[in-house]
Amino acid sequence: MTIISKFKAVALSAALSLSVALPAAYADEQYFPLQSYRVGPYAAGGTGFFGGFIDYLNLINTRDGGVNGVKLTWSEGETQYEVEKGVEVYERLKSNPGVAAWNPLSVGIAYAMIDRITQDKVPLITINHGRTDSTDGRVFPYVFPLLLNPYSETSGIVNYIASKEGGLEGLKGKKIVVLYHGSPYGKETIPIYELLAQKYGFELQQIEVPHPGNEQQSQWLTIRRAKPDFVVLRGWGVMNPVALKTAAKVGFPVDHIVGNVWSNSEEDVIPAGDAAKGYTAITTQASGAEYPVVKEIVKTVYDAGKGNLEDKKRIGSVYHNLGIVNGILNVEAIRIAQEKFGKRTLTGDEVRWGFEHLKLDPAKVEALGAKGLFHSINVSWDNHEGEGYVTFQQWDGAKWNVVSDWIAPDWALLRPIIEKSSEAYAAEKGIKLRTAEDADAVSTN
Amino acid sequence: MSALATEFTVAPTLPKWAAPVLVLIIAYGVVPFVGTSYLFEAILLPFLALSLAGLGLNILTGYAGQLSLGSAAFMAAGAFAAYNFNLRVEGLPLVGSIILSGLVAAGIGIVFGLPSLRLRGFYLAVSTLAAQFFVQWALTKFSWFSNNSSSGVIDAPTLSIGGIVFSGAAGRYLFSLTIVTVITFLAYRLVISQTGRNFIAVRDNETAARIIGVPVLRTKLLAFAISSFIIGVAGVLWAFAYLRTVEPAGFNLDRSFQILFIIIIGGLASIRGAFFGAALIVVFPLVLARLGSFLLGDIFDSGVLDMSQRIVLGALIILFLILEPDGLVSLWDRIRRRLGSALRLTRR
């Protein structure tokens, strides 16, 4: 019988390891489950973004003792940017008490979560990316593509190229190639580029680079043959430096390549070396460590040895600052919701209400120590993007320099397209369009 | 391939239907009531889908001896076919679109199985890679397959059979479990039939099989068709019941390898092998991840932990295959035989 008892012991220990309890929450804590990725081809984005996010949460805890006394907690699960790992981590972490919001930083994972978080009534934040039509809060009550959805990004880039060509009229007869990442994220903007090409009369060619994009010789040879006036780089991770290097190899001028919001980081240009000098990219948040909030993070968090980035040179980099901005938006949403519901642990639905009233004008942004880091945000119950402004930055071989003002994308042009798409989704799924009254009804459990 | 012999050996005191029936009683009668959403969503649903895919590949590779690296492509074909049948054919019940999607996958399987008439072994494996790349390319290239959804991601419909809606994690689990049970039963009947013996004959010695009158060409294509049908249905479960969304990139070459490893680790030419292998591939990394973050989570970040888990997992698989090259099934049978004799000894 010894064998049987041995098996029992093994089975018992296996069961125990599966039911490992996460640290129990105390009365006033708000919890952030983080589906982070620190390994794999997109680790640069993951470590920078989640590093900045965690650094900001740490700052709030250390400097202010939490949000109005409510301590912020978090734990991480590695997803490697893979959908099924993201789902597993979601299921693992969702049972923790006091979940504030999900921030997966992956379109694929976000898509898989939409049904689940809607059922659980917890917000899903896809800052600067995500499903464009989730901007429509009437159909997607819990999804927030904050600051910049992919269509707004497209509009911003096209407007920027137009400004180089002497206004939108100047686009007529020009040729633009969009080089996009072969993933849901990359493909999200295909229809909007086509629409804008028709509207403004420029010639358009969209070329896919299969994931992960470490070989692009044939794509760039095609581009050389096509002789476009501009190439829009809609890349992600390792695809970006490879694109810049291959462009240099085939002789395409780098100052005619415009990067999108996920091709705009130091990690995208430094590996490309000289090939990246003069490259321009869109951004919603400036890079650099000179902003008061970043300085405070260095002083309060890093000097105390609690910083999340292993390489301190990355403090103030594009992804790190995006993580910090994401932290500001999440924390302020909680603060706004606390004003209404009380200074305690909030339910996911109460945090959703907070996000739907997240209005930070430039003065408020300055008070948060983030003046110049990002412009402003104005989220409402039916506009979940919140009218983020964009700017353009150029790489000089050592750092990014801002080369434009804060620009507003053409929201009025985009809104009807977004509504058409979201209404089609609502019809397919049998979703009743939400009204302002529905948005004010908040579930407290 | 000696797993075949052990397939039909049974515990000395129990009839051979006892174990599967017991498993089914627990799976239907106990698990839905005690399981947590984590158990269903993160463990049982991927386990069921991958088991079924492993079962499909085992019929082709384990029984009929044709090596294939196109499993994920057949899963993708099944998932996208079911989505389109469901979307475009009014009034077609879900079961109908699942069966039709299996047939579509079977058709694609036959086409890509044609090289097997001339190629063997690794050469065949390389030619099935064509399926892997072609299907993924076609699904990405023609946006019609994903109903022109801008990002190429499809949303799963509600699962319902004859008016019963399988919503929630437990519902989707029961839905998957039922499909897997039915197909497993049919697969079991198949491998003990004349067709199943033909498969084995072709695998063991093609020339000999031809001489004793086995129609080799037809048998090979039939193996591809049946295997792809099952893998296609597994793809539907993966997309509709487990992830509830799917993109072509989710069915990449890694997934094909994963399914191949499932049957190698679980045991070739064995129905149970697919289930054992899938259990190991799905559950073991999770246990390691949990254990790792519990023991060392405060010291290392999740990236370092994830890397070390891969090393541990790889080392364990190597160790395990050295100790038991015939897979988990024969390990299990050995344990059971020992337990059986131990029990008999104590009874005396």
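Note: Cβ is positioned from N, Cα and C throughout, glycine not excepted.
Among the features that TrEMBL reports, transmembrane segment is placed at B:17-36 (among others). Counting only same-chain residues 6+ beyond the ends of the transmembrane segment (B:17-36), those with a CB under 8 A from a CB of the stretch are 11, 44, 169-170, 173-174, 177, 181.
What TrEMBL records for B:42-60 (among others) is transmembrane segment.
TrEMBL lists B:91-114 (among others) with the feature transmembrane segment.
Residues or ranges marked as transmembrane segment in TrEMBL: B:121-139 (among others).
Per TrEMBL, the feature transmembrane segment maps to B:159-188 (among others).
Sequence-remote contacts of a segment are chain residues at least 6 beyond its ends whose Cβ falls under 8 Å from one of its Cβ atoms, and for the transmembrane segment (B:221-243) they are 41, 45-46, 48-50, 52-53, 55-57, 59-60, 63-64, 66, 68, 71, 74-79, 81-83, 98, 101-110, 112-114, 116-117, 154, 156-157, 159, 172-173, 175-176, 179-180, 183, 187, 190, 195, 199, 202, 250-251, 259. Taken from TrEMBL, the feature transmembrane segment applies to B:221-243 (among others).
Sequence annotations record features per position, and here TrEMBL assigns transmembrane segment to B:255-271 (among others).
Outside the transmembrane segment (B:278-299) by six or more residues, the chain places 42-43, 46-47, 50-51, 54, 258, 261-262, 265-266, 305-306, 308-309, 312-313, 316, 328 with a CB less than 8 A from a CB of the stretch. The transmembrane segment feature in TrEMBL is assigned to B:278-299 (among others).
Positions annotated as transmembrane segment by TrEMBL: B:311-332 (among others).
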Review point. Quick one: do the transmembrane segment (B:42-60) and the transmembrane segment (B:159-188) have at least 3 Cβ pairs under 8 Å, skipping pairs fewer than 6 apart in sequence?
Key: yes
Check your understanding: Hey, which bits of the same chain come close to the transmembrane segment (B:255-271), Cβ under 8 Å, at least six residues off its ends?
Key -> 1, 3-4, 6-7, 50-51, 53-55, 57-58, 61-63, 68-73, 75, 132, 184, 187-188, 191, 200, 203, 231, 277-278, 280-281, 317, 320-321, 326-330
**Study point:** Which of B:91-114, B:159-188, B:311-332 contacts the transmembrane segment (B:121-139) most, counting Cβ pairs under 8 Å
**Key:** B:91-114
Point to revise | Same-chain residue ranges lying at least 6 outside the transmembrane segment (B:159-188) that approach it to Cβ under 8 Å | key: 24, 27-28, 31-32, 35, 37, 40-41, 44-45, 48-49, 51-52, 55, 59, 93-95, 98, 230, 233, 237, 240-242, 271
